[in-house]
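Summarising the annotation, Swiss-Prot assigns [2Fe-2S] cluster binding site to Cys62, His64, Cys83, His86 and lists sequence analysis as the type of evidence. The annotation compositional bias 'Basic and acidic residues' is assigned in Swiss-Prot to 606-618. Swiss-Prot lists 11-120 with the feature domain 'Rieske'. Feature annotation from Swiss-Prot assigns region 'Disordered' to 596-622. Sequence annotations record features per position, and here Swiss-Prot assigns transmembrane segment to 630-647 based on sequence analysis.
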Amino acid sequence: MEQEREIVFSLSPEETSELKNGVNLISRSEKEKFVIYKDPTAENTVEEPATSHMYKACLNKCKHQGGTFIKDIEDGDNCILRCTKHGWKLDAKTMRYVNPPDSFSQQQLVPEYNEDGSLDIVELKPPQPWETDKRDPMPLEVGEVQITYFTHACIEIKLGDLIMFTDPWLIGPAFARGWWLMHEPPADWLDRLAKADLIYISHLHSDHLNYPTLELLSQRNPDIPIYVGDTSMPVFVRLEQSGVKLNNIHIKKFGKWIEINKDTRFMIMMDGVHPDMDTCALIDYKGHLILDTVDCTNPNGGRLPIGVDMMLSDFAGGASGFPMTFSGGKYTEEWKAEFVKRERRKLLYYKMQQVRDVAPTVYCPFAGYFVEAHPSDHYIRSTNTKNDPDALNALINKYSPNIKTWSPSPGAVLDLKKAIQGDRDFITDPPRGTQKFKDSWDFEKYVNAINKNIEEEIFSYPEWIQFYYKWTGFKNYNLVIRMVERDDDFCPVVGGYDFMVDFVGEEPTFPTERPAREHSYLEMENRIGVHRETVRQGLFWDDLYIGFNNRISREPDTFHYLFWNHMQILLPRTDPDWEGFLRDMKTEGAPQKAIWNPSQATPAVEAKDPSSDSKDSATKPGTHWNYERLLRPLGIVVALVGVGVAIWKSESK
């Protein structure tokens with residue numbers, strides 16, 4: 001039986017707006033009683049509005065003996081509930097029992113805030129799919145089950161005679177050119193990956209679905225079985241466009257055992273916050289369970305198996321341009337630093353609590369080992385601090401000393417049998433002298449490949465702007481965006497475009513000035529290579545904002561969920577027809593932009609690009625000074641003066 005999402009009850013937009021900050025007790029009938037907690041501190045981020053993580057929900061039923069909760073009159077923060085049977089207390093903000101302390105966590109329902117302002121409370125059914133055909137653990141031998149860490153979220157799992165890999169990002173960048181591998185993978189990674197029996201890929205982000213890695217894999221073994229979840233946004237939605245040949249992709253329903261052999265099976269489960277794209281996996285070998293929650297914010301709606309043999313999850317944070325790439329208003333360096341510090345600490349404690357709830361034999365923090373290594377992203381690297389895996393493991397050990405923890409190094413191997421029986425040597429580190437951290441990334445190869453898009457002929461016709469934004473399909477939203485193309489360091493670039501798009505109507509319009517009506521305004525300065533690659537290939541906008549490839553300001557300072565959600569996962573699944581566009585332009589005899597490619601720039605035209613619509617002199621493309629060309633004649637003059645002075649001195653002696 002596959003897992004399905006079922007709406008338990010709904011609140012209308014009016015009922016949702018009437019929810020108070022803190023605890024709300026809702027009774028639909030004697031048997032239908034619920035708790036909804038509304039977090040007044042929830043904030044918008046660049047990836048999601050506050051409403052997506054503002055609410056928590058559960059049945060109004062104590063986990064101890066089924067009593068009903070009432071508000072605790074001693075609680076001044078409006079988050080503590082007291083059971084009428086035995087006085088147990090639940091903190092609705094964390095969904096953990098605080099009396100008795102360290103006892104249980106409450107099983108949660110999944111709140112989903114809708115576009116019309118209504119709120120659905122959803123339950124995954126069956127809520128605990130791993131209970132279906134449950135198996136008792138069988139004895140293991142040393143060496144029978146081994147987990148080898150490679151990089152980021154990529155591990156090799158030996159399950160008897162079977163080899164399974166997860167999320168292979170082992171070469172090249174992710175999110176265009178924004179993320180680079182922190183760790184150097186084992187030297188034989190490609191041989192081992194190509195010989196694997198199966199691969200699980202959790203979702204479509206390029207630090208998990210990495211086409212540079214998969215391209216090399218496909219040349220060795222295009223028929224390797226690859227398993228993905230049946231998400232509404234398909235993991236391999238851009239496979240054909242990528243040119244990578246993979247012939248054995250399996251799309252699987254959620255919460256259903258996938259039988260590999262008599263000893264090995266696994267299931268894919270959805271995320272409660274991002275069910276349209278994020279998944280996690282539960283692996284069962286002879287009744288021993290390995291839980292890989294990857295990037296899921298609320299894996300399986302918060303209901304996870306207890307007492308698994310091993311758990312792996314993300315931990316680091318920093319997987320977004322917010323707030324480092326934002327400017328204006330409150331976004332001072334001090335505000336950013338405080339925000340990052342606060343959010344990383346919250347994430348650290350959230351992950352600690354999640355691990356304690358699952359109570360695995362051993363826990364491994366992973367899926368956070370990336371670095372903003374390119375020199376042009378030095379600012380991001382210095383400000384986008386991330387959690388330390390050792391700090392998380394120390395926190396877990398402080399409150400749950402029985403949980404073993406592992407901060408992995410590439411090539412290190414965990415033996416599950418040794419971990420279960422309590423051996424201290426359950427980890428085998430790679431040989432001394434093995435390189436752990438990468439110190440070379442082949443920047444030029446990958447950045448040049450991206451920047452080839454700058455020279456695509458479509459950008460010689462300004463009409464590409466109208467063609468592309470009509471293709472996106474986003475409309476009927478009172479938002480004006482300004483898109484400005486910049487160089488790698490976000491300085492003006494000759495031939496770059498600078499334009500506005502207004503989405504208020506059935507079709508976008510393209511004003512040269514901001515409209516007089518009241519409207520939301522979003523301004524983005526984008527690296528020209530990444531911007532043009534995104535446009536030409538019809539890619540999701542993740543490369544721009546998760547990859548730190550733009551700089552953003554907005555008026556008012558509001559997160560526009562509908563816009564970002566559309567550009568992130570709702571773009572058309574067919575590419576823009578650029579061949580047809582070029583054919584039409586040439587048939588119509590459309591004029592080309594005077595300068596549309598920085599390589600065309602000459603001193604004569606560099607002072608002004610009349611094809612660009614100017615908004616202000618500080619940001620107008622094509623109006624900046626080229627200091628190298630200005631200083632070249634000056635250098636000649638200085639040299640001539642120097643020669644003259646030398647001659648004068650020699651003659652005066």
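Cβ from N, Cα, C; glycine included.
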CB-centroid shell, 8 A cutoff, [2Fe-2S] cluster site Cys62, His64, Cys83, His86, site residues removed: Lys63, Gln65, Gly66, Gly67, Thr84, Lys85, Gly87, Trp88
Local Cβ density at His86 ([2Fe-2S] cluster binding site) - other Cβ atoms counted within 10 Å: 12
Whole-number mean of pLDDT values that fall within the domain 'Rieske' (11-120): 89
List of residues, in chain order, with Cβ under 8 A from that of Cys83 ([2Fe-2S] cluster binding site) and at least 6 apart: Cys62, His64, Gly67, Thr68, Phe69, Lys89, Leu90
Per-residue Cβ crowding (10 Å cut-off), top of binding-site residues Cys62, His64: Cys62
